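> So that we are looking at the same thing, I have put the structure below in structure tokens.
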Amino acid sequence: MAAFTAETDLVTGWCLFGLALLVILIFCWVYVRKYQSRRESEVISTITAIFALAIALITSALLPVDIFLVSYVKNQNGTFKAWADPNVTRQIEDTVLYAYYTLYSIILFCVFLWIPFVYFYYEEKDEDDANTCSQVKIAVKYTLGFLLVCSALLLIGAFVPLNIPNQKNTTEWEKVKLLFEELGSSHGLAALSFSISSLTLIGMVAAVTYTAYGMSALPLNLIKGTRNASYERLENTEDIEEVEQSIQRIKSKCKDGRPLPTRDRRTLQQLEDKLRALRRRGRRLEYIEKSCWTRFCGAMRPLKIVWGVFFILVALLFVISLFLSNLDKALHSAGIDTGFIILGTNLTNPLNMLLPVLQTVFPLDYILITTIIMYFIFTSMAGIRNMGIWFFWIRLYKIRRGRTRPQALLFLCMILLLIVLHTSYMIYSLAPQYVMYGSQKYQSLSNMTVDGHLTNVTTWVPKVCDADAPANECTVTRTYLFLHQFWFFSAAYYFGNWAFIAVFLIGLIVSCCKGKKSVIEGEVDEDDSDISDDEPSLYYG
């Protein structure tokens with residue numbers, strides 16, 4: 001009967017996984033098609049973007065699956081389920097570990113080979129005298145540079161020493177070393193972990209830049225809404241009339257045949273460019289004003305406000321928990337030499353308080369973790385969409401509905417892949433014990449209390465798994481195995497969390513001070529040179 005139940009649960013789990021995979025693929029297809037340029041869309045870049053985005057979402061979903069599986073083998077009283085013998089438990093651990101191997105290897109393949117090749121291929125396609133053969137040669141040449149970087153990371157990870165000199169022989173550090181010994185570290189695992197940790201470090205920078213801003217801007221934009229299209233069109237018409245009058249005043253200076261001064265010619269050129277942009281804007285506003293989608297969005301305005309309030313509450317829960325967790329590490333960890341790792345919780349935070357309560361009602365805790373991860377991903381998308389893609393102070397590409405170039409979509413998906421890698425550490429920072437052990441409990445001997453007095457009678461009582469639990473009673477998630485192979489990455493992530501909090505607060509203040517966005521925010525700009533004036537955008541909101 002127990003075996004039948006386990007097999008049924010396994011079949012159900014695979015069915016749910018297949019359904020989730022189908023939903024992810026449909027979402028990725030809709031998202032990429034929504035933003036890609038109708039005039040410059042390419043089959044290979046579209047498939048690459050959809051695949052990379054799907055891998056990012058699937059990898060982000062692996063964390064709650066990992067936590068669920070280590071928790072599922074045990075009952076609430078701390079005993080193992082009847083079918084969960086050591087071989088089955090080990091098989092589950094290996095399955096999750098192989099899933100991480102596979103997904104992380106695919107991410108390395110995408111970041112260092114596939115996406116760079118497709119990106120440089122289409123960069124060369126923009127050249128007038130380029131042919132397919134020369135495009136492939138140049139793309140391969142640049143991609144080889146990425147492969148050399150990947151090879152270097154794998155070699156460094158395989159041979160970098162993990163035994164760090166211990167200057168502070170603290171109990172906390174001894175626990176960390178013992179845990180590492182239990183987990184073990186083969187050269188292959190260390191090489192992959194080092195490469196992934198290096199990419200996670202870049203993902204941390206992307207999360208601080210885009211996710212922290214998106215987490216503050218997205219909810220407030222939903223709450224504030226956009227400006228009225230009719231009022232905007234009226235203002236735009238007035239601006240057009242004003243610019244036309246300025247142009248006529250300048251042209252009137254040369255009615256008698258005299259040439260215009262250089263300064264007036266330059267001003268006239270600027271005004272004519274501005275007039276073309278205003279007329280383009282006017283056509284777009286007129287289209288939106290008559291659109292049924294605009295009326296539908298207006299009817300859904302109350303729901304957007306509700307979602308905005310919900311998102312800002314989730315963001316505050318996230319940031320407050322992250323602050324308290326980082327403060328706990330600053331006060332109680334063994335220091336930078338250990339990567340600020342702590343195996344317990346001395347300062348509790350809202351998320352750590354909420355998860356044990358939700359664990360009592362399956363599957364509320366997994367729903368909360370999944371919600372936070374998905375929120376992290378979607379706010380990252382919102383941040384990239386609002387800010388565009390930058391290299392330091394240079395904006396490379398804009399992300400706009402129906403008008404995004406193939407190279408920009410490839411950049412967007414690569415950034416999301418890197419941010420997803422950092423997501424696991426962010427969640428671990430919020431709830432370290434939960435990410436390590438899930439809802440596992442183990443049985444411990446304890447003296448009975450009768451009428452307020454201890455007796456000599458001992459009994460087994462369930463305790464929540466922690467660093468002091470016997471190794472054969474509590475299974476550590478495979479996520480943790482990848483997170484803490486190298487102490488110096490953990491130290492960098494710790495400081496990155498402080499930067500994330502700072503950028504979030506700055507973004508929150510800026511978003512509060514800014515007025516409502518234009519209904520065609522980012523759709524029409526004066527510097528549009530690579531997009532046709534007449535190309536319609538099919539999505540508004």
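Even glycines carry a Cβ here, placed using N, Cα and C.
Unlike curated records, TrEMBL annotations are generated automatically.
Pulled these from TrEMBL:
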{"type": "TRANSMEM", "residues": "12-32", "note": "transmembrane segment"}
{"type": "TRANSMEM", "residues": "44-65", "note": "transmembrane segment"}
{"type": "TRANSMEM", "residues": "98-122", "note": "transmembrane segment"}
{"type": "TRANSMEM", "residues": "142-164", "note": "transmembrane segment"}
{"type": "TRANSMEM", "residues": "189-213", "note": "transmembrane segment"}
{"type": "TRANSMEM", "residues": "305-324", "note": "transmembrane segment"}
{"type": "TRANSMEM", "residues": "366-396", "note": "transmembrane segment"}
{"type": "TRANSMEM", "residues": "408-428", "note": "transmembrane segment"}
{"type": "TRANSMEM", "residues": "486-510", "note": "transmembrane segment"}
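Are these features on the surface or tucked inside, and what are their neighbours?
Long-range contacts of the transmembrane segment (44-65) within its own chain (CB-CB distance under 8 A, at least 6 residues past either end) are made by residues 20-21, 24-25, 27-29, 31-33, 36, 96, 99-100, 103-104, 106-107, 110, 114-115, 118, 121-122, 366, 369-370, 373-374, 376-377, 406-407, 409-410, 412-414, 416-417, 419-421, 423-424, 427, 435, 479.
Cβ atoms under 8 Å from those of the transmembrane segment (366-396) belong to residues 31, 35, 56-57, 60-61, 63-64, 67-68, 206-207, 209-215, 217-218, 311, 314-315, 318, 351, 354-355, 358, 408, 411-412, 415-416, 419-420, 423, 426-427, 430, 434, 522 of the same chain, restricted to positions at least 6 beyond its ends.
Outside the transmembrane segment (408-428) by six or more residues, the chain places 32, 35-36, 45-46, 48-49, 52-53, 55-57, 59-60, 63, 107, 110-111, 115, 118-119, 196, 199-200, 202-204, 206-207, 210-211, 322, 369, 372-373, 376-377, 380-381, 384, 389, 396-399, 435-436, 479-480, 482-483, 493, 496-497, 500 with a CB less than 8 A from a CB of the stretch.
Listed by sequence, the residues of this chain that lie at least six past the ends of the transmembrane segment (486-510) yet keep a Cβ under 8 A from its Cβ atoms are 160, 162, 164, 193-194, 197-198, 200-201, 204-205, 207-209, 211-213, 215-217, 220, 315, 319, 322-323, 325-326, 329, 336-341, 422, 425-426, 429.
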> Grab the same-chain neighbours of the transmembrane segment (98-122) for me: Cβ-Cβ under 8 Å, and only residues 6 or more beyond its ends, written as numbers and ranges.
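Same-chain residues near the transmembrane segment (98-122) but 6 or more away: 42, 44-45, 48, 51-52, 55, 58-59, 62, 135-136, 138-140, 142-143, 146-147, 149-150, 192, 195-196, 199, 406-407, 410-411, 413-414, 417-418, 421, 478-479, 482.
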